[in-house]
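J.: This structure is in structure tokens; I'll ask about it shortly.
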Amino acid sequence: MTDLPARRLLLVHAHPDDESINNGATMAKYVAEGALVTLVTCTLGEEGEIIPPGLAHLAADREDTLGPHRIRELAAAMRELGVTDHRFLGGPGRYRDSGMMGLEQNGRPGAFWSADLDEAAGHLVDVIREVRPQVLVTYDPGGGYGHPDHIQAHRVATRAAELAGTADFRPNSSGPHTISKIYWNRVPRTVAEQGFERLRAAGAAFPGVAALDDLPGVVADSEITAAVDGTPYAERKAAAMRAHATQIAVDGPFFALSNNLGQPIFATEFYELVHGRSGAPAGERESDLFAGVDA
Ligand SMILES: [Zn+2]
């Protein structure tokens, strides 16, 4: 790619829908501000449970055509956010959804969980050297909530960031690239608590309410180093989530996954800086993931 925009953000996610739930507002905001936003999704989410009864036939244990369907859902979600650069790690279908931890699918040939780390990271190194992001967003080492594909996405993103800057790893014409800042997706505990209070007060149209500990990435407020106010993009985020109709049901500022348990949609998205230098004064949160980055 020539003539890259000045600011470039890379997000690495496990399945289609994770990007909209975690970072939809952040992605829409940076696209609107002229940054290059690149999404790499590691699997097609073939093992996902399906919410609309009319689409139940797509499931892995029936027609096993959920993957191609979710490619289209992701494309529709990215249209809502304005993201034009979205890719699948190694190409669509290269790595398959591993299913929840402990299932036999974890070890199936082609499952992302059983992928060779450096081979998988190598695909991402090519993307990093092409789009040369200053900022990388991914999950914490536990994958936020322990799903094998989320854990593996963390490992692959972390390894690729290291290898992309290593000149003698897969030398190519793009040349090595070092990412300035790496963030993990986070939710501050008090924000999660307030979100669930709003949900209980509003009584959204879901049979139950999720437990706070079911939310990925919830940590003590003191762990949060960046808060991106995506309020102007809240509608776009909700629209992107609705585009993942097999996986997400949206009701106003709330949503549910296939377990039918309501959760708040966060318009402000939170991060923990784990590599690189904060652009905020000591003790303060950043409001911009590119703070302190030289374009
Ligand atoms: Zn996921």
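Every residue gets a Cβ built from N, Cα and C, even glycine.
What you see is a predicted model, and the numbers here were worked out from it, not measured in a lab.
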J.: Name the residue, out of His86, His123, His150, that TrEMBL lists for the same Zn(2+) site as His15, Asp18, please.
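T.: For Zn(2+), TrEMBL names His15, Asp18; of His86, His123, His150, the listed one is His150.
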J.: Over all shown protein chains, what is the count of other CB atoms within 10 A of the CB belonging to Asp18 (Zn(2+) binding site)?
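T.: Asp18 (Zn(2+) binding site): 26 neighbouring Cβ atoms within 10 Å.
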